[in-house]
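Q: Pulled from TrEMBL, these are the listed features:
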type: TRANSMEM; residues: 29-50; note: transmembrane segment
type: TRANSMEM; residues: 62-82; note: transmembrane segment
type: TRANSMEM; residues: 117-137; note: transmembrane segment
type: TRANSMEM; residues: 158-178; note: transmembrane segment
type: TRANSMEM; residues: 190-212; note: transmembrane segment
type: REGION; residues: 222-269; note: region 'Disordered'
type: COMPBIAS; residues: 231-241; note: compositional bias 'Low complexity'
type: COMPBIAS; residues: 243-254; note: compositional bias 'Basic and acidic residues'
type: TRANSMEM; residues: 280-300; note: transmembrane segment
type: TRANSMEM; residues: 320-343; note: transmembrane segment
type: TRANSMEM; residues: 350-369; note: transmembrane segment
type: TRANSMEM; residues: 375-394; note: transmembrane segment
type: TRANSMEM; residues: 406-423; note: transmembrane segment
type: TRANSMEM; residues: 443-463; note: transmembrane segment
Amino acid sequence: MQPPADDGDRLSATSIDPEELRIPKKSSLSIIVICNCLLQVSFFIIVSSSNEYAKHLGGDSTFSGIVIGIPTAISALALIPIIRYDKGGYTRPLNISCASMILGHILYACAYQTSWLYLILIGRIINGFGFTMWMYCKRYCSDARIVGIRRRTTLASFLVVGQGLGMSLGPFAGGLLYKVGFRNTVFNGFTSPSWVMAAVWCCFWVCTRLFFVDVPKDARYTSQPPSQPLTESTPTTNTPSPDDDKEKTSDPITKDTIPTYPPPPTTTPTPKYKMSLTQIGVLSCMCWFAMTCFFILGAWEANLPVFGSTTPQFHWSPTASGNFIALGGISCFPFLILNIFLTRRISDRLTLLFGASLGLSASLVFLSLLRTSKLNYGSVFMCWWGVALGFNIASTTPVSLLSKQLPPAWNGWVSLAIQYSMYTGRVTGAIWGGSGVKVGMMNYIGLQIGLVGLGLVMLMILWDGLKAKRG
């Protein structure tokens, strides 16, 4: 009797198909992981100073939240056209991403000199075309043409490490550059983060052109049989020779003279895959958690600078807010590294349950702190740490788990569905976080608790359907 798929790591190394352990070329994989990290840095580097930048140009905190969240809305609109253009590869989306990030950061920085508030919004809108690469990073790490089934969650964990690093480095670098200031109209505390990122993306684009090797055009999914030459499937008819004619006339009744014809070709159409109700439920559950994780992370990132600057106990500057956000992310980093190794031993559904439960616990503690007004630096930090670690870990599983349960050819559409869910969470979360003080912090955190609670109910109902191979 074969062991269940969930217990795949109990098998000895010799009993595992080497195809299940396949990984892409290391230089190309490094480009994808670094790209994911730079996208996170670009998204978050303005968080610590965007509120002050928007106010300097005549905006408010809600406009700042829109500036933070708008790139993901644009990215969602741009994904479908780019998918039609990518031809199943990754080079073209990488080029689009690099070009968009460079131009968008430059426009964001130029808003200070022009004193035009909406130029920072235009710059972030152009950045949105670059953020389409988020979906391709996830698709690359679960692409059955280059990644074995027992390495997809592991590679997704690498992306989460880059995600955590970007979430820490972005606000820290933004806050540090804001504090240094550089007192001039071109390179100052508001504009320097964008100028620095534009230069970084230029260097990365050069490295991409030099080292990234795309998926071969003739690469096939492991579940697909190789195509047969046309000559093998085309029936042939033999032309009778003169000797055969003689045999026919001499003995027309002989069995050997009866003409034989090849059997008609049998064509078996490829069966159309149809999802079961359980798989539809699993897909819905994964989309819900993808949305929830990034809604909460985006909300906290956007809310902490506003909440910290208006709370009497803190009165944080943009630099202090950036340092606080970065400290929470940096303290998560060792645990995210550990998660890379644990994914080979712990099933995806347990990883998701642990991450969501940790994030929910931290949110409940923060709610109790708000109710009792016992806020201090240490208690708020522990809540932020629990939220950041929990929902980063939970975001590891959606794409990799679905790629193990659905046909490999569906990977592109599955990645798209998960990415749209994440985009929805990022946009609404950033706006909700920027408006958190206005709507009331109790309402702000209460909505997050409700979203996670509903997701955990779905997780428990679909628990058996979430079984998949580890790694």
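Placed from the backbone N, Cα and C atoms, the Cβ positions cover glycine too.
Keep in mind it's a predicted model, so treat the numbers as computed, not measured.
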Q: I'm a bit unsure how to read this: which one of 29-50, 320-343, 375-394, 406-423, 443-463 has the highest number of Cβ pairs shorter than 8 Å with the transmembrane segment (190-212)?
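A: Looking only at 29-50, 320-343, 375-394, 406-423, 443-463, the most contacts with the transmembrane segment (190-212) come from 29-50.
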Q: For the transmembrane segment (443-463) and the transmembrane segment (280-300), check the count of CB pairs under 8 Å (sequence separation 6 or more) and say whether it reaches 3 or more.
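A: Stretch pair touches.
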Q: Are there residues at least six beyond either end of the transmembrane segment (117-137) with Cβ under 8 Å to its Cβ atoms? List them, or say none.
A: 32-33, 35-36, 39, 42-43, 50, 53-54, 57-59, 63, 66-68, 70-75, 77-79, 82, 86, 90, 93-94, 96-101, 103-111, 159, 194, 415-416, 419, 422
Q: Hey, which bits of the same chain come close to the transmembrane segment (320-343), Cβ under 8 Å, at least six residues off its ends?
A: 44, 47-49, 153-154, 156-158, 160-161, 164-165, 167-176, 178, 301, 304-305, 308-309, 314, 351, 381, 384-385, 388-389, 392-393, 396, 470-471
Q: Can you say which of 62-82, 158-178, 375-394, 406-423 has the most Cβ pairs under 8 Å with the transmembrane segment (280-300)?
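A: Ranked by Cβ pairs under 8 Å, first place goes to 406-423.
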Q: Could you check if the transmembrane segment (350-369) is in contact with the transmembrane segment (158-178), meaning 3+ Cβ pairs under 8 Å among residue pairs at least 6 apart in sequence?
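A: The answer is no, given that the two segments have fewer than 3 Cβ pairs within the 8 Å cut-off.
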Q: Decide whether the stretches the transmembrane segment (62-82) and the transmembrane segment (29-50) have at least 3 CB pairs under 8 angstroms, with pairs required to be 6 or more apart in sequence.
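A: Answer yes, regions in contact.
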